[in-house]
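Q: Sharing a structure with you now.
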């Protein structure tokens, strides 16, 4: 399975990295290239550069800053802010960006998403979504222009739309949580992750190590973005990775294989629609191989051997998330199922309904 990405965000204003609360009361943090170099050395998986004033000032994004940062580091760079046209997008890619993020321009001209995706490939396109809770219906709405404009768009519907148009990734920021250090908005993030099949990056509100562990355990985000705690040296990126790995190991160690005579029942569920596909059994080796390979492995009680689902049939199950129950003796794995899960050529092993009233 892919490791979760730890991504420092550099909010850039007038060529300097800044940080504030909800994009206001900005404080100067330092030079973008110098900070990016430091974060790469500390183990950052990617760097996000956001020109936070380009859109509101109606100007192009900071191409010179991008060039300078790209010349100093080798990890991927995502750049956002002030991207309104395909030409703007191309300039930033040529300057050294691995991916480019669009936000306000995507809302104003949704067709831009498809045009960029068709020309440059979805893997290079990130759509940033800034969300704020809608107190009227307890949902979330999309805001743009640094949070100044309420679009009225439902966040989950918009996330699905940008995926359909060709976005390769979503950078999701909770405007309510941004800069507060109160933790990521787990409910919002989980909802967007469930609405789309493309990777989602959580952003806004991270203030302590526990926040990283919480967002990774309670949602299926691909990565988590943070700024203040890195900028002000409250914690290093390596410390975050060590903590996340430790929490993951502690959770895995809780699975009680001995209680189940070495075989833990494992429910397989379609991550897209929640359909229960099958029930299998995993011993410790099958579980370890599942985590390592990102596809499901089981112990066959009839053949008395390990087997990899889809190895001969092609009906592979790609793991999206793994959970354990409250008693630590049942595993739930959500998968992207190729073909049928049932060996009798049904989509689900539970294809027979028992009639009657219950």
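Please read every residue number as a count from 1 along the shown chain.
Any Cβ shown, glycine's included, is placed from N, Cα and C.
Per TrEMBL, the features are:
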type: ACT_SITE; residues: 11; note: active site
type: ACT_SITE; residues: 130; note: active site
type: BINDING; residues: 325, 327, 329; note: Mg(2+) binding site
type: BINDING; residues: 326, 342, 349; note: Zn(2+) binding site
type: DOMAIN; residues: 278-351; note: domain 'Phosphoribosyl-AMP cyclohydrolase'
Q: I need the least crowded one of these recorded positions (130, 327), counting other C-beta atoms within 10 angstroms of each C-beta.
A: 327
Q: Can you give me the Cα-Cα distance between residue 326 (Zn(2+) binding site) and residue 130 (active site) in Å, rounded to a whole number?
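A: Cα to Cα, residue 326 (Zn(2+) binding site) and residue 130 (active site) are separated by 34 Å.
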Q: Once the DSSP letters are reduced so that anything not helix or strand counts as coil, what is residue 130 (active site)?
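A: The residue in question, residue 130 (active site), is strand (DSSP, three-state).
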Q: Give the three-state DSSP assignment (helix, strand or coil) for residue 11 (active site).
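A: In three-state terms, residue 11 (active site) counts as strand.
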Q: Which of the listed recorded positions (11, 325) has the least company, meaning the fewest other Cβ atoms within 10 Å of its Cβ?
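A: Looking at the recorded positions 11, 325, the Cβ with the fewest others within 10 Å is that of 325.
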Q: Restricting to the chain of residue 342 (Zn(2+) binding site) and a gap of 6 or more, list residues whose Cβ falls under 8 Å of its Cβ, or answer none.
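A: When sequence neighbours closer than 6 are ignored, residue 342 (Zn(2+) binding site) has 277, 278, 348, 349, 351 within Cβ distance under 8 Å.
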Q: In the structure shown, which of the binding-site residues 326, 349 has the fewest Cβ neighbours within 10 Å?
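A: Counting other Cβ atoms within 10 Å of each of the binding-site residues 326, 349 gives the minimum at 326.
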Q: Of the residues in the domain 'Phosphoribosyl-AMP cyclohydrolase' (278-351), how many are helix, strand and coil by DSSP?
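A: Computed counts for the domain 'Phosphoribosyl-AMP cyclohydrolase' (278-351) are 10 helix, 29 strand, 35 coil.
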Q: If you skip the near sequence neighbours and keep only those at least six away, which residues in the chain come within under 8 angstroms of residue 329 (Mg(2+) binding site), Cβ to Cβ?
A: 255, 256, 259, 260, 264, 265
